[in-house]
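Below is one structure, written out as structure tokens, with a few remarks after it.
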């Protein structure tokens, strides 16, 4: 075989394609015989030309796996020795590397079984050889072996580290330093978190940086990029590898990303390292004071404009914006001051790129730094609205982007500036630049989304321009224009009715488009019809919906994921509008939803076969089943994720609104939701968690008389509870966990104690884990001490967690006390330094609602809670004062005698909340509620002669009408019981009562209670009431008279 094989190897390397093809077929036939192994080894060592020797090694690597077990021990020994000889004696670098790859494959099968004990000692010896070639190939082989016997190296890391370190510092050979750099990268995945191993690895960092700098200086950017791959692994490693080396890594990354002479790819890699640090190790950037140095580089990078030929995804300005955004989300307090300074200094810069960068930076940080931006809102709006009028298009475009970000993230405070903002957006819609127009539509959509009646004066000019734009603009502008119309419709609600007919008529044209380039516009149109329908209501929409529904259904035949996503959203809206009348469409839409939910995720695997690609031997086939390519990367089509999330949401809403009619689809829906609750992407998990609650509500609505319903209800409840409890402690996404907590609270209140009794211990344990901040989503980096005194957690998450305690209390009543006893101290931790004011008021609000629902057992906690409440009543934050006032009232109402000793302090602390210095009406309303509760439970302990005039002066309530029943019931009780201290104040009582009767914000129940009190006064005092009634304002007098006449 050896002689014929040699001729075939030479023939394979000929330029003649026919000759090559014939040689390959013959080689493939011969390769089925184990004798091919010694033949290939022979040519690897003896062929005259390096190309033939290299080809022999490549073929050997591909065929050895299938034949190794069939070889005799003596032949195995000779193969191993020949490969060692090739590595040490071969002159061609390519042949040495190809031989090293064969060694790596054989090692996989030989080393774990002790069949090649000489290999590792040989490599250690070779790596310390005086010959450069030997050192280099040993390092190459170390790298290759990590792919086949990597775990075995873990026990040798202590011996290997000084060798690699020495090679990284090899001053005589660039090739050795580069090979050592690659070897370090290969060993990254086998680094564990043992203290000794961590220290060994940290020692590599300075040398890795030095080698990378040398490579950059020599123009070897592809090699230097390995350093960034290593740093990427360091950042993502569960082992605490970073340590103090974060400073030098950041410094090197900043040097690279700010070097204009370097290739975009490596600059982008450097910026990406900063982004990973900001995302996964933000506390390191704080601890090592790296935030300002990073921003001093990132902000100027925003002024870089990519050339037309450059890849925009790699552009420095875009990548820098992503870094700033990530930093703002993770460490907002540290990021905002330097960004605000940069924007303030450059918004009037003579260079338009700096003016653009200044407003871009404000827009980019608006999501993360929303609290600080709200405090500076007037100033930053001055910058952005001024930039919207800039003579340069790039600046106006950046300003419209920033304004859209403000509108999205600075709610509701930005709405108070609508009189300045909306006219500017209206002008920007007329901008000569399509880019500015497009971003202005986005800004308008984001701004209007949360508006209410404030939009009404602008409705006509807005819709006039938007409808014209919709008819005359290019497709991309039509799409953003439709989004803007949707937001306007949502804000205007029924006031949108005059414009609905024209908009819906235009949408018919979009909803029949079938060309690929038009399908995104069709998707937006489908979405808009659903939004308009929600705004104008069922009565007007139901008769005209059928053609739109048919057009939406027809869109599923066009195989466009985004259209399916928006159509699922459309049918979700239809279910909400039509409610049980949507049942007629279930048989058509539910299968479509199931299809989307069951779509393949579209994972794409990139296979690396370095021999066939790098060495030009792509034609050499491999017929061995267990030839093992290496997976380099996995990517996922995100469009499918969005579609799945929308379809998952639709399942829940279909069930919620059609209830019992959804029963035929319940079982399959539940299977999908259970699967999606454990899905890899948080957007899908979030919708599954929401939908599970809807499914539970739907199945509980089916009458118990149906066969098997009771058992099915228990099964579904058990499934939902298991998933929710597991999600609360094990899911790593805070938004998903928050949604599970909110869903759990709703289920507890809806189902009641008897239904969920058996789950209470597990729910309580999960709640305790969250309050202690020990759940998976609350874990921070393991290798950084949070020693800066900052408390960093998700406010939305902790608000949702704190809502669980009142849900327990409402469900269990006084029986909640033993559970509350375990949760109390972890809750109170949030009221202590260094927790911010938001945490304190969260804890206080939670305590108030627990007291309200649990009742008398709260008395045991009065002494521990009252100092906090009294302190919070004097807070500089209105929300804190409001919650504290509500809390003190509930504690006095339910705390019994334990609260009496605090009454004097409480009244003194509440008094300033009734004065003119209190600017917040809701605070005053809650203070009135607190005093009313105190009067109702302990009237003898209240100096009514002093308190009643102050209380009545604060009435009627102006904002928090949830306090109305409490406050007015107290006043009415005093009147109906003919309390001597209320009688002199009857004129004020009647005046307040008339205003309450006239108010559309007050409930009939409250008005009825007041009507009884006024009727009582008239019946008792008769003519004496006439002057009091005559003194009322005409509108109030008429409202009161009309109400009393109906009694």
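Note: Cβ is positioned from N, Cα and C throughout, glycine not excepted.
TrEMBL: automatically predicted annotations, no manual curation.
Database features (TrEMBL):
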| type | residues | note |
| --- | --- | --- |
| DOMAIN | 23-89 | domain 'Importin N-terminal' |
| REPEAT | 160-195 | repeat 'HEAT' |
| REPEAT | 380-418 | repeat 'HEAT' |
| REPEAT | 421-459 | repeat 'HEAT' |
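Here the repeat 'HEAT' (421-459) has Cβ contacts under 8 Å with residues 381, 385, 388-389, 393, 396-397, 400-401, 403-405, 407-408, 411-412, 414-415, 465-466, 469, 473-474, 476-477, 480-481, 483-484, 486-488, 490-492, 495-496, 499 of the same chain, all six or more residues outside its ends. Helix, strand and coil counts from DSSP across the repeat 'HEAT' (160-195) read 27 helix, 0 strand, 9 coil. When pLDDT values are averaged over the repeat 'HEAT' (380-418), the model yields 91. Counting residue by residue with DSSP, the domain 'Importin N-terminal' (23-89) contains 57 helix, 0 strand, 10 coil. For the repeat 'HEAT' (421-459), the DSSP counts in helix, strand and coil order read 30 helix, 0 strand, 9 coil. For the repeat 'HEAT' (380-418), residue counts in helix, strand and coil come to 31 helix, 0 strand, 8 coil, using DSSP.
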